[in-house]
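*Asks:* In case it helps, Swiss-Prot gives these features for our protein:
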SIGNAL    1-20  signal peptide
CARBOHYD  Asn49  N-linked glycosylation site
CARBOHYD  Asn165  N-linked glycosylation site
CARBOHYD  Asn202  N-linked glycosylation site
ACT_SITE  Arg205  active site
DOMAIN    262-297  domain 'EF-hand'
BINDING   Asp275, Asp277, Asp279, Gln281, Glu286  Ca(2+) binding site
REGION    358-396  region 'Disordered'
CARBOHYD  Asn394  N-linked glycosylation site
Amino acid sequence: MKLSAPLLVSLAAFSQAVTALVAFPGAEGFGANAIGGRNGQVYVVTNLNDSGTGSLRDAVSATDRIVVFAVGGVIKISDRIVVSKRVTILGQTAPGDGITVYGNGWSFSNADDAIVRYIRIRMGKGGSSGKDALGIAEGNRMIFDHVSVSWGRDETFSINGDASNITVQNSIIAQGLETHSCGGLMQTDGGVSLFRNLYIDNKTRNPKVKGVNEFTNNVVYNWGGGGGYIAGDSAGQSYANIIGNYFISGPSTSVTAFTRGNANFHGYVQNNYYDPDKDGQLDGFELGVSSSNYGGVAIMSSKYNYPAVAYTMSPAEAVTYVTKYAGASKVRDSVDTQLIAQVQSWGTEGGLISDEATMGGPGTLNGGTPAKDTDGDGIPDEAEKQLGTDPNTNDSMKLHSSGYTYLEVWANSLVPSTYH
């Protein structure tokens with residue numbers, strides 16, 4: 001098989017970086033080597049304001065920053081947030097119930113080396129018309145981990161254009177708003193990894209894939225008539241691994257799991273399950289390896305040599321993991337709690353929505369109490385004592401022997417580093 005030039009470039013770039021420090025323990029896939037703001041400065045978000053000093057918008061407006069939080073709650077935004085290059089956003093550092101950003105979407109276009117963890121991005125019907133809840137049109141090396149994205153007005157989470165080396169893992173992509181109601185486009189030759197995510201309550205594009213893609217251990221629930229996994233539907237060439245996923249029909253589902261493939265979409269498929277009967281039990285079956293079962297794609301006999309997961313779950317294991325841990329799950333908010341309950345109804349609950357009020361909006365979050373941080377370097381005093389740093393000296397951006405900054409070492413310790 002002749003590989004496309006963009007694919008060869010992408011794989012060469014990844015192979016040169018495999019020995020580099022990964023973004024955080026547990027980072028995988030094409031975007032695993034994003035560096036974020038490791039070589040820059042710390043920015044502590046101290047309020048829930050839309051803009052101004054101490055706000056999240058201000059925090060991501062400049063390059064080379066690691067963003068941590070001394071506040072928890074809902075940040076209501078009027079305009080889209082545009083993220084700069086080499087920014088790390090560590091939502092797990094927020095006290096209380098964490099951070100939800102509500103009211104409009106985010107652009108990560110050209111936000112090279114972004115690292116984003118444990119944050120909720122909820123656009124809503126008041127957001128910019130024709131825009132995604134989270135969109136990437138260009139940029140290289142980004143990883144999104146345990147992110148909950150919902151209520152996009154165009155797509156919910158899309159990656160297009162010249163973007164390359166992107167990973168979305170352990171995340172929830174939910175409830176694109178009607179009448180469009182799309183999970184998202186994943187269409188770049190630069191390489192996108194989708195691992196252990198939940199797509200739920202999107203009429204179509206769960207996701208729609210073109211180009212170079214690894215789709216492993218995801219759960220897709222209650223897609224609508226537009227389609228579940230849409231295989232390109234394009235004259236362009238696509239090369240994908242589709243491994244160990246579970247597709248579960250819900251009340252809105254009226255078409256099969258895979259649609260709109262053609263001879264230009266080359267897919268290596270293995271151990272994907274489909275439960276079409278909406279009977280309140282998880283009792284799906286393995287899809288036979290045939291073009292007809294996979295929407296007309298050209299079935300490949302060998303797996304593409306893309307950066308893969310360290311451990312491939314069975315589809316049943318993927319469902320167990322995703323329902324327990326996907327999204328900003330350090331503390332699950334009311335929205336994600338409802339979504340997981342829908343999945344666990346095994347086909348009897350769920351629906352497409354046009355207004356987030358159906359879900360109770362973003363809900364309320366316990367803001368918690370910020371820990372004492374005498375030197376203001378982002379690491380609480382008690383944690384500094386355990387790390388061996390000085391609570392009275394701004395030293396969180398110094399490098400630990402692991403290669404991460406002390407700030408990253410502390411933040412990484414707050415959440416699990418493995419999934420098996």
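Cβ coordinates are placed from backbone N, Cα and C, and glycine is handled just like the others.
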*Asks:* Between C-alpha atoms, which of these binding-site residues comes nearest to Asn165 (N-linked glycosylation site): Asp277, Asp279, Gln281, Glu286?
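*Replies:* Considering only the listed binding-site residues, the nearest one is Glu286.
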*Asks:* Along the domain 'EF-hand' (262-297), what average pLDDT does this model show?
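*Replies:* That stretch averages a pLDDT of 98.
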*Asks:* Report the member of Asp275, Gln281, Asn394 (the recorded positions) whose C-beta atom has the most other C-beta atoms within 10 angstroms.
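*Replies:* Answer by Cβ density within 10 Å: Asp275.
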*Asks:* Counting distance between Cα atoms, which of the recorded positions Arg205, Asp279, Gln281, Glu286 is nearest Asn394 (N-linked glycosylation site)?
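*Replies:* For Asn394 (N-linked glycosylation site), the spatially nearest of the recorded positions is Arg205.
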*Asks:* Sorted by position, what residues of the same chain at least six away from Asn49 (N-linked glycosylation site) have a C-beta under 8 A from it?
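*Replies:* Spatial neighbours, sequence-distant, of Asn49 (N-linked glycosylation site): Ser55, Ile75.
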*Asks:* Would you mind reading off the Cα separation of Asp275 (Ca(2+) binding site) from Arg205 (active site), to the nearest angstrom?
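*Replies:* Computed Cα spacing between Asp275 (Ca(2+) binding site) and Arg205 (active site) is 18 Å.
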*Asks:* If you draw a 10 Å sphere around the Cβ of Glu286 (Ca(2+) binding site), how many other Cβ atoms fall inside it, taking every protein chain shown into account?
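*Replies:* Summing over all protein chains shown, Glu286 (Ca(2+) binding site) has 12 other Cβ atoms within 10 Å.
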*Asks:* Write out the long-range same-chain contacts of Asp277 (Ca(2+) binding site), meaning residues 6 or more apart in sequence whose Cβ is under 8 Å from its Cβ.
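*Replies:* Once residues fewer than 6 apart are set aside, Asp277 (Ca(2+) binding site) is near Ser249, Asp283, Gly347.
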*Asks:* Using Cβ-Cβ distances, find the residues under 8 Å from Asp279 (Ca(2+) binding site) that belong to the same chain and are at least 6 apart in sequence, listing them in sequence order.
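*Replies:* Expected: Trp346, Gly347, Thr348.
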*Asks:* What are the DSSP helix/strand/coil residue counts across the domain 'EF-hand' (262-297)?
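*Replies:* Result for the domain 'EF-hand' (262-297), in helix, strand, coil order: 3 helix, 11 strand, 22 coil.
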*Asks:* Hey, of the glycosylation sites listed (Asn165, Asn202), which one tops the CB count within 10 A?
*Replies:* Asn202
*Asks:* Same-chain residues six or more away whose CB lies under 8 A from the CB of Arg205 (active site)?
*Replies:* Glu155, Gly176, Cys182, Gly183, Gly184, Leu185, Gly226, Gly227, Ile230
*Asks:* Under DSSP, the region 'Disordered' (358-396) has how many residues in helix, strand and coil?
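*Replies:* Once the DSSP states are binned, the region 'Disordered' (358-396) shows 9 helix, 0 strand, 30 coil.
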*Asks:* At the Cα level, what's the spacing in Å between Gln281 (Ca(2+) binding site) and Asn202 (N-linked glycosylation site), rounded?
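*Replies:* With the alpha carbons as reference points, the distance is 21 Å.
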*Asks:* Whole-number answer please: how many Å between the C-alpha atoms of Glu286 (Ca(2+) binding site) and Asn202 (N-linked glycosylation site)?
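*Replies:* So the Cα of Asn202 (N-linked glycosylation site) lies 23 Å away from that of Glu286 (Ca(2+) binding site).
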